[in-house]
Amino acid sequence: MEHKLATAEKKLLVDLVKLVQKRGLEGENGGWKEFLNVYDKKLGSSLSDPARRSNDVLVAFLLTFKKKEDLQLIARVMQCGANRELIEKFKQETPDKETPEQRLVRLTITHDDYPGNYTFPSYAEDWYVTELGKKKSKVIKSTRMLSIDCEMVTCEDGSQALVRVGAVDRDLKVVLDKFVKPDKPVIDYKTDITGVTAEDLERATLSVADIQKKLRRFLSVGTILVGHGLHNDLQVLRIDHARVIDTSYVFEFVDAPKTQRPSLNNLCKSVLGQEVRMDGAAHNCVHDAAAAMKLVLAAVEKGAATLIQPTEEMMVAEKRRQEARQEAGKAQLFLHKIPHDVPSEELHGVLSGNFTLVVKPPKTGGYSTAVVDFSSPEEANEAFENVEGDVAKDKSGLPQKKAVLKLSSGLAVSLFVRKMVQDDSPCEISTSERARAEENNVSSKRQKTEDETEETKEATVNQREADKTKLFLHKIPHDVPSQELHGVLNGDFTLDVKPPKRKGGYYNAVVDFNSPEEANEAFENVEGDVVKDKTGLPQKMVVFKLSSGSGVSLYVRKMVHDDSPGEISTTKRARTEESNMSSKRQKTEDESEETKEANAKQREADKTKLLLHKIPLNVPSQELKVVITGQFTLEVMPPKRKGRYYNAVVTFNSPEEANKAFEKVKGEAVKEKGGLAQKMVAFKLSSGSGACLYVRKMVQDESEETKEANANHCEDDHLKEMEELKEKLKAMEFAISCEGHSKEIEELKQKLNAKEHQIQAQDKIIANLKMKLEKKQSKSRS
C-alpha cells in the first residue's frame, strides 16, 4: 500500500483525503486537520486544502490509517483510479493496433452514454472493484470474455434487488446459474418478465457478496465482461469492472437516434437469424447471457456488421415496445432532483394514493430519482393533481411540479414530480415531435429575447416579488450538515438545500421567509459588513461555530437588488458591459494623456497601501490587525472564486508609513510573479490555532524598476546587435559569393559566435539567480 500511495497521482491522493474527510474517518493522529496540527507545527490546519499540500503530506496522512475497513476503502479508491487511467489509455489506442475484441470495448467506452451509466458508487463497502492490471499491452491483448445477465425484483423500500444470475464463457459454457436471496421484503417479483417466483427464492441461500466471490475467479486480469445493458447488471451485482462490451451500445439501427437502442431479441433476429425467446415469454438470464456472447462472437469471429438495417417486422416489434412503454408511462410518475441524503421511505410523503416506488441512487453524491407505479392512469393523474404547486414544463415538454417535502428531522427539501407522458396525447411524444417541440422552444426563447412581451415583464415582476422573500446561502463547505444552517439566520423559514455540483465542492441553500420584511430583518441581523457580489447583489460573509466546535464560513446573499437603486435591467446591463468593453479597447489602442495622468495618480495612491492575500477563510478579519503595525484602515474583499482565501487592502496615511510597516513585518522579502515585493507571515489567532498569509506591496520599488528596465534595455541592445551582425553576414555572403572573400565572412561568423556565447553565459547567470531565489522562497515558506 505504501508504494502504491507514494507513486499515485496528486489528483487521486487529493480525492482520497477529501473522501476520508467527508466520511469523518480518523487515523492514528485523528482526522485531517488534527494530523496537520501534529505533522506541520508551523502552518498546522490553517492550510487544510489537500490540493495545496504536497504528495508527501497527503501520503503521510493516508498511511496513518490502520483499520482493516479503512485500508479496504483506500484500496478500492486506488483501484478505481488505476482502472480509469487505463480506460483513458484504451480510448487513445489507434484502431489498427487493436484486436477485434478490443475494438468492441472501445465502441462501448466511447459511447455518449458510457460515462453516465458506468459511473458507480463503488467506494461503498459492499462493492467489489476488479483489477484491470498494470500493463496496458497485456490487458489489451487479452481475449478472455465472460457474459452475464441478472434478474431483479422490486423491494418494499423501492430499491431493485438481485434474485438470479447467469454467466457463460466464450465457449458458451454455463459457469454460473444461481438464485439470490434478497435482503429486503419483496413487493413485486415481476414474474411475467423475470420468470422468478416466490417459491424459487424460498430455496435461495446465497447473498450478493456470495455471488461476487463466485464471479471473482472468472474476472482475472484483462477479462472482458459482456452483456446487453450491462450497467444495470453491474449495479445490482455491486461490481465495478472497467473492461466491458455492452451490445446495446455496439449494435445500432441505421438512421435511428442513439437513444433508441435495439432489443436483445431483435438483435439476435437480425445478426444471428434466431430469437432469444418468443414474444411475451419470460426472460431466462442464462439464455440472455448466451445471446449477448453470440452477438459479440459474430462480430469478432465472423465480422458481422454492427450497424443494422431493421426489417419491417423489427420496426413493428419496436413500435409495440414503445406503445407498451407509453401505456405503462400513463400509470407512472417520475420524481427527480431528489437530494442524495433524503431517505427513500420519506418519499412516500410527497404523493397520495397507493403506489410502489423504485428508487435509483445517485451516481456520485448528487441527486437521486424514483419511478412511482400506480394501478391505473387515473390514480397517477389524481396523485399529480394533489401535489401543491404550479404546473410547468420540463425541457421535453412534459408536465411537472416542484414539491416541497418536510422530512421527519424538521428540514424541508424540494424535488420535482413529473408525468411520464403528455396530457393532451394518448401516448408519449415521438422523438421527431419532441425535436420539433424543442426547436419551437428555442425559437420562442429567441423571440422573447428580441422582443420582450408584456406577459414576460409581468412574470419577471412576479418572480422578483417572490425572490424578495428569500435569501441565498452559498459557498457552504460540503462537510457542513444541513441542519446546522439553521444557526446562521433567525426567524421562521424553510430551507431548500442544493447539493454540490461536483464531488467535494460547496453546496447552496435557498431560505424562504413568509414576507420580504422578515427576509430583510434576518439579513440585517447577520453580523458583518455588506459587500456586493459580481452581479451587484448585497451579501455578507458569516463565520459561525458548528456543534462539533469547529468554525466555518459561508455567504448570505439577497436574491434581488434593494428597491432604492432599483434592479438593473438586462438591456441596461448589456449596454453597460458593451460600453465597458469599448472603453477598455480604446484605452489599449490609444492611451491618452489623461489616462497616463490617472495611472500616475493611482500609482501614487498605491504607494500608501499594502495587500494582505491568501488569507484563510476561517481567519476573522478583526484578527488581521496583529499582522501590521501603525495607523491604517482595513478593507476586506471576499474571495473572487470558489475557494479558501480572501484578501484585504491596508491603507496608510503616507508611502513612508506603508514602507515602514512592510519593513517591520518579520521575514525575508521575495518577489511574486509580477515582480512585487512580498513576505509570508505566520501568526497565532486568539483561538490558539496558527495561520499564515502574505503581505505584499502594491507597487514596485523605484530601484527595482530601474534595474529591471536597464536589464531589459541591455537585453534588447544585445539582440539588436546580433540581428545587425546576421544581416551584415547575409549581405556579405551574397555580395562576394563569387569573389572568394571568405576571410571577411569568417570574421563576421566569429563575432556572431562570440556574441551568442556571451548571451548564453548571461542566461546561465540569470538561471542561477532564479534558482537561488526559488530556494530562498521555499525556505521561507517552510
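Glycine is no exception: its Cβ is also placed from the backbone N, Cα and C atoms.
Checking Swiss-Prot for coiled coil across the ranges 432-460, 577-605 points to 577-605. Per-residue confidence over the domain 'RRM 1' (331-410) averages 84 (mean pLDDT, predicted model). For the domain 'RRM 1' (331-410), the DSSP-based tally of helix, strand and coil residues reads 16 helix, 30 strand, 34 coil.
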